[in-house]
Amino acid sequence: MAKSVLGLVGGSGIYDLPGLENAEWVGVDSPWGDPSDKVRIGYIDGLKVVFLPRHGRGHIYAPSDINYRANIDVLKRCGVTDLVSVSACGSLKEELAPGTFVLVDQFIDRTFARAKSFFGQGCVAHVSMAYPVSPKLVDCVEMAARAEDLSYRRGGTYLAMEGPQFSSLAESHLYRSWGCDVIGMTNMPEAKLAREAEICYTTVAMITDYDSWHPDHGEVDIQAILKVLHDNASNAQRLVARIARDLPREHEACPVGSDTALEFAIMTAPEARDPELVSKLDAIAGRVLKG
Ligand SMILES: CSC[C@H]1O[C@H](OP(=O)(O)O)[C@H](O)[C@@H]1O
Ligand SMILES: Nc1ncnc2[nH]cnc12
């Protein structure tokens, strides 16, 4: 079994990860273009931790402009086996009040202006997204949330919208009628790409607002979101530090096959593969392409 390496993608309001030992910002090249930033690599209790601010330090990239493929590729190149995404989200349920942490287990992808796969012409692959998060990683996040006495709920469906504008009232009602729990702009295609990269993935959705549907809360207000983010920053940091302390040091096989997703996924015959694309896939799919 491989050694675990914990990846953390920090969302809005999370641009650094205090508490890492021997930490340094490291630039990692990717054939998929520029990632959002350098990665911050360090250690917590001997565990290698790789942090990447999704929007870049200073919040440079809007959700549609993030190079999700480069981000996942550099995390894979750094050896990440388990990836926790921390994201600011709107609530689509009365009982999920701002400040609550939702351990998401399903996604509905309504984004339409992003590159969503590492594969394509010359190397076609189809991975399963039926169970997009890795239950053992969620177990670890849940134990950490409980130990840190955070208000959390395990399970929930994340609606990924294109943005950057927030939803209209009609859209917010539509997503509620679909049974969605939280809404955000970034976890797709991130979760799909993590699956293609055979990285175990999970999302911690930090509820910052009631989106636009709630009669008592009015429109989404970015100032109010920033205040909730600020007030919850230390909770998020404690949660992440605890996850790092408790994650098993040997990577355990994923019960939903996240870490073997490519085993039978590639359809293109070896002799029909595009050598240029195959070369770009060295980190993502080297395990199966090397034969
Ligand atoms: C700060 S409000 C909108 C912004 O916050 C979320 O980003 P992230 O998932 O990276 O925390 C949301 O998806 C939007 O990008
Ligand atoms: N209401 C909302 N919609 C989309 N993304 C968000 N991020 C935080 N709140 C959000």
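Positions of Cβ are set from backbone N, Cα and C atoms, glycine also.
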Using only what TrEMBL says about phosphate binding by SER12, ARG54, HIS55, SER87, ALA88, identify which of THR157, THR186, THR202, THR260 is listed for that site too.
THR186
I'd like to confirm something. Which of the recorded positions, SER167, MET185, TYR210, ILE222, has a Cα closest to the Cα of SER87 (phosphate binding site)?
MET185
Counting Cβ atoms within 10 Å of each Cβ, the densest environment among the binding-site residues ARG54, HIS55 belongs to ARG54
List every residue in the same chain as ASP211 (substrate binding site), at least 6 positions away in sequence, whose Cβ is under 8 Å from its Cβ.
GLY90, SER91, LEU92, PHE166, SER167, SER172, TYR175, ILE183, VAL220
Euclidean distance between Cα atoms of ALA88 (phosphate binding site) and MET185 (substrate binding site), Å
9
Cβ under 6 Å from ligand 2: qualifying recorded positions of ARG54, HIS55, SER87, ILE222
none
